[in-house]
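Visitor: Please see the structure below; I have some questions.
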Amino acid sequence: MADGDFWTPFCFFLVSVAYTIGWTAISSMLAFYKQLYGPQILLQLNTAFFLPSIPILLIQTQCDAQINRSLGIATATACRLFVGLGGSAIICALYPFYAESVPYLLWITAFLGVFSGIAFGSSYQLVAYFEPVNTVALTTGYVGSGPIVLLLELFLQVGPKPSVGQIVALFELVAAFTIAGLLAALGLLYSHWQALEVSDCATRQHLLPSKQPEVTVRPAAPCTSSPRRRHADRMPERRDSFATDRRGTSSSASSRLSQTALFSSGDSGSTLELNQQGSGLGLAHPHSQLSIQTERAASIGSMLGWPVSPHASELDKLLAEPPSEPSASRIMTGIWPAAFSLFLSVGTSILVFPFFTFVPTSGWLGSMLPQVLFAARTIADIVGRLIPRTDCISTRWGMVAAGLVKTGITPLFFCYLAAGLAWRSDIMAIAYIFIFWLMSGYINTCAYLVAPEWASLGGSAKAGALMALTFQTACLIALFLAFALEDLAKSIVQEQPRNLLQDLAPSLTPL
């Protein structure tokens, strides 16, 4: 990505906000739903949202590659994001009118989960073609919807007992943000359309050969001057303009180059040209490691103004054979530390989150405590997702260790739920949630950054889909475990003596 290019990361941020803001708005109304339907409603809503997305992501993992080959990566992604974000916008607009009872509330939340899942999986496949800073923007947008919802609720003065008009206004604004994300996605694809198609074509060619086609360098026109020296060892090697430093360091100089690859069919003179005008697009081909022989020849040819030509028979074979993409199991073999750490981090977060409404208050915040915990969770998650830009976990065992550490501190939350009155402290609860989600944001973003780098050749986009599937699977398994703990949490809440200061909670100002 060229220095100063703000548009592409901002678009990815808006896309992520668009498919999360609806669910964030629903889950932010913890106190309201708890009063209406009891503390178990948040757990039911989580299940309704995440369960339908698992089949969607499984289908995407298996079928998206074939659809991309048929329609092209840009067209296929545009269709998926249009369906996912467009459907999410419609659901958000209709939500206030169909959430009057628990069954309707759960059904409309489930439909929101379906459309959000489509956009979620597609966005992480798309970002694999771009530089790492865009991955950070995408993961930050996943929780960036939290502050947006909080600001909307402050603007509309939504309290623990919102009116019908406030709920309608909130979700219509949420639908507007979702539409804005859809427009940003379409604008992003439009501005990178040609580069994406070229990148997808190059990916297929790089996947093919275990043996590279023999490459010769010939002058583009009759050469009348004296022969030129063609020693590869004296020529500086050039990387494909799609190549990028996966640590997040942009190579702006190479991204401005106009890349042209000419494949000539022997003496026939017919030429297949792939041209990508580099204007700081920030597009990073995830599989741009050419063989050294081909790369050096391409370097010589481009420096001397000569096209690079494989022999005709090899070119025909290259274009005729279908690309052999790595299997999901092979990709998972390379990215399993990142997937494992993501699974633990997401699973523990989802396990803890539904029990915000069960956290006992010391009386300082009263019934507002769940909303304050939600705000602390959101802020910490955003801060944690920004840290990997400068300090990212880069080793496999480092990723595994980070996930295990976060898992190890999870039982402290449930110990606090069962603790006696003497141990209750709203400040302590807020501090724990902040640290817990700071780790969550950091681990999740690191996992998404390193997974494409650890994937097999040709598997970065599918690695993104597998990581999205891992995310949703962790959510679902954690929710099943939360259901098992729900009765225990209920019994703990029923045994706790009521604090008289809770009656004053509606008059307290949210922090």
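Using N, Cα and C of the backbone, Cβ positions are placed for all residues, glycine too.
The compositional bias 'Basic and acidic residues' feature in TrEMBL is assigned to 233-248. Marked as compositional bias 'Low complexity' by TrEMBL: 249-261. Annotation comment: TrEMBL describes 212-269 as region 'Disordered'. The annotation transmembrane segment is assigned in TrEMBL to 12-33, 39-59, 71-98, 104-124, 136-155, 167-190, 335-356, 399-423, 429-451, 463-485.
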Visitor: Can you tell me which recorded stretch out of 39-59, 136-155, 429-451 has the most Cβ pairs within less than 8 Å of the transmembrane segment (104-124)?
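Guide: The stretch I would name here is 39-59.
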Visitor: Give the nonlocal contacts of the transmembrane segment (463-485) in its own chain as ranges (CB under 8 Å, at least six residues past its ends).
Guide: 43, 46-47, 50-51, 53-54, 57-58, 60-61, 64, 117, 120-121, 124-128, 328, 331-332, 334-335, 338-339, 342-344, 346-351, 354-355, 414, 447-448, 451-452, 454-455
Visitor: The transmembrane segment (39-59): which same-chain residues, six or more beyond its ends, come within Cβ distance under 8 Å?
Guide: 23, 26-27, 30, 33, 102, 105-107, 109-114, 116-118, 120-121, 350, 353-354, 356-358, 465, 468-469, 472-473, 475-476, 479, 482-483, 486, 489-490, 493
